[in-house]
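A.B. asks: Got a structure for you, written out below as structure tokens; questions coming shortly.
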Amino acid sequence: MSVAVMSSALPTPFSAHASIPPHITETDHVQRSLVQLRSKSDGLEQYIFLNGLKERDPSLFYKILLSNMMEIIPILYTPTASVGDACTYYSQIWRHPEGLYISIKHKGHIRQILRQYPVGANPRIAVVTDGSRILGLGDLGANGLPISIGKLDLYIAGAGIRPSSVIPICLDVGTNTQRIIDDPLYIGLTNTVLCARKQMEEFMEEFMSAVSEVFPELLVQFEDFSTDNAFKYLDLFRARYRVFNDDIQGTGAVVLSGFLNAARISSAASGIPLTEHKILFFGAGSSGIGVAKQLVSFFTELGMNADEAKKHIYTVDSKGLITADRKGLQEHKKFFARTDYEGPALTNLADIVKYVQPTALLGLSTIGGAFTEEVVKLMAAMNKRPIIFPLSNPVSKCELSFKDAINWTNGRVVFASGSPYKPVVHEGTTYEAGQGNNMYMFPGIGLGAILSKSEHITDAMVEKAAIALSTSLNEEESSHELVYPRLERIRDISAQIALAVARQAHKDGVENNSVLRNLNDYDALRHIKGKMW
């Protein structure tokens with residue numbers, strides 16, 4: 001009784017705010033949070049701070065993200081040490097549930113698990129990983145969830161998707177990384193024997209069927225699956241569900257966009273027709289082959305058929321130039337396997353460059369420093385403006401640094417990387433690195449699919465997204481010979497891509513919302529931007 005009397009003696013307003021400093025509302029809490037963030041010199045500590053801020057005050061977190069994207073994005077997503085370390089050590093830094101884990105042990109009960117997950121009405125996008133190929137760091141199993149979380153933060157920041165309508169998902173099917181298995185704090189399945197192929201396929205079939213039933217408006221983005229599974233599940237589900245693989249299609253589209261602009265710059269300097277470009281891919285995993293397939297459309301847009309276009313693309317893996325006569329060649333590598341080479345296997349990259357005489361060298365190998373001074377100078381000797389895109393992430397896995405690329409080509413390189421690089425000054429001229437960041441692509445594709453209510457994501461929709469990005473540079477960006485627009489304009493860029501995707505969805509007959517169809521481009525862009533959160 002006495003407790004009740006004491007509590008009722010305090011006026012209600014003071015009860016609610018007695019613990020809050022009296023002048024807190026007169027200070028800038030956004031700035032306070034940024035000061036706290038910037039005081040942490042370690043990228044992992046910055047990630048942990050932002051993670052905690054999102055849990056405590058989601059509105060403040062997203063306000064800071066939206067107003068400081070160029071500072072925050074590298075911590076949350078861009079493949080740098082921050083998010084790489086966050087995944088590597090996720091079991092150690094885990095503090096609270098952040099997404100949905102669906103384990104192979106849940107097979108047969110996935111629908112019930114999805115129905116119980118606390119998410120807003122009509123969720124629109126889920127980023128799904130099994131953690132088996134994270135950022136070139138290998139199989140991290142259940143530690144891969146931060147990749148799904150980070151990608152969804154970029155959907156929110158880059159395309160205005162509502163935070164309440166996204167679901168980060170990790171499919172826990174085990175891991176084959178011994179140091180993770182041996183970690184007593186590891187939060188995932190510790191079995192050392194991974195799922196049998198048939199069991200895994202049944203699990204994925206149940207998962208996709210359950211997702212489409214429980215969340216009928218959801219777009220599923222596959223992320224960082226192992227190479228074979230990435231291709232397999234995209235092929236298996238793309239005609240039945242609203243599904244998209246960012247490693248294959250998103251990476252391919254963003255590189256196609258950058259290559260469109262790079263090829264124009266290179267051809268303008270050399271006089272070589274666009275139809276005579278030759279592209280050498282170093283790395284033939286899911287991203288490498290996915291990008292190569294996307295770049296076939298660069299040549300088919302110029303009037304070639306697919307077979308003619310394929311002849312302009314060469315692929316290299318750990319065993320050297322990929323040729324059709326190699327024994328035991330993986331299925332996904334056969335598409336670009338050369339049939340026109342006779343001689344001993346070419347295993348050295350410099351020798352391969354001498355043989356192919358490429359105008360463009362693209363790296364998706366996750367082998368740091370693979371583009372040596374010899375290789376880069378060979379490219380520069382062959383081309384007035386050599387195109388070199390070292391696209392592997394994180395920075396430690398990048399095939400070539402921007403500084404070396406500029407120095408070894410005397411500033412003539414047309415460069416784009418997967419990770420961010422600071423500008424380089426060479427002989428009094430400042431050069432900016434292009435970054436083939438998938439953030440340019442997947443938020444706009446997702447937004448376009450949502451607004452058009454497309455049944456599927458077609459190849460043509462992805463291709464039109466790439467073309468929309470390549471034409472989104474403003475005059476200032478074009479004058480500096482940039483191959484990508486500045487990320488500061490990401491929402492405008494996402495709107496343009498979303499419009500291109502929606503227009504193509506109508507042409508492909510997969511659209512289920514006619515609103516944008518009946519608007520001219522100006523009004524359609526206004527409508528799209530008005531839908532952004």
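Each residue, glycine too, has its Cβ placed from N, Cα and C.
Just lifted these from TrEMBL, have a look:
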ACT_SITE  Tyr77  active site, proton donor
ACT_SITE  Lys151  active site, proton acceptor
BINDING   Arg133, Asn393, Asn437  (S)-malate binding site
BINDING   Glu223, Asp224, Asp247  divalent metal cation binding site
DOMAIN    54-238  domain 'Malic enzyme N-terminal'
DOMAIN    248-506  domain 'Malic enzyme NAD-binding'
A.B. asks: CB neighbours of the residue listed as 'active site, proton donor' within 10 A?
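C.D. replies: For the residue listed as 'active site, proton donor', the 10 Å Cβ neighbour count is 23.
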A.B. asks: Can you tell which of the binding-site residues Arg133, Glu223, Asp224, Asp247, Asn437 lies nearest to the residue listed as 'active site, proton acceptor' in space, using Cα positions?
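C.D. replies: Closest candidate to the residue listed as 'active site, proton acceptor', judged by Cα separation, is Glu223.
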A.B. asks: When you measure from the Cβ of Asp247 (divalent metal cation binding site), how many other Cβ atoms are you left with inside 10 Å?
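C.D. replies: Neighbour count, Cβ to Cβ under the 10 Å cut-off: 26.
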A.B. asks: If one measures from the C-alpha of Glu223 (divalent metal cation binding site) to the C-alpha of Arg133 ((S)-malate binding site), what distance in angstrom results, rounded to a whole number?
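C.D. replies: Computed Cα spacing between Glu223 (divalent metal cation binding site) and Arg133 ((S)-malate binding site) is 9 Å.
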A.B. asks: To the nearest whole angstrom, what is the C-alpha distance linking Asn437 ((S)-malate binding site) and the residue listed as 'active site, proton donor'?
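C.D. replies: About 10 Å separate the Cα atoms of these two residues.
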A.B. asks: Can you tell which of Arg133, Lys151 has the least company, meaning the fewest other C-beta atoms within 10 angstroms of its C-beta, among these recorded positions?
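C.D. replies: Ranked by other Cβ atoms within 10 Å, the recorded positions Arg133, Lys151 bottom out at Arg133.
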A.B. asks: If you count Cβ atoms within 10 Å of the Cβ of Glu223 (divalent metal cation binding site), leaving out that atom itself, what do you get?
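C.D. replies: I get 28 for this one.
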A.B. asks: C-alpha of Asp224 (divalent metal cation binding site) to C-alpha of the residue listed as 'active site, proton donor': distance in Å?
C.D. replies: 13
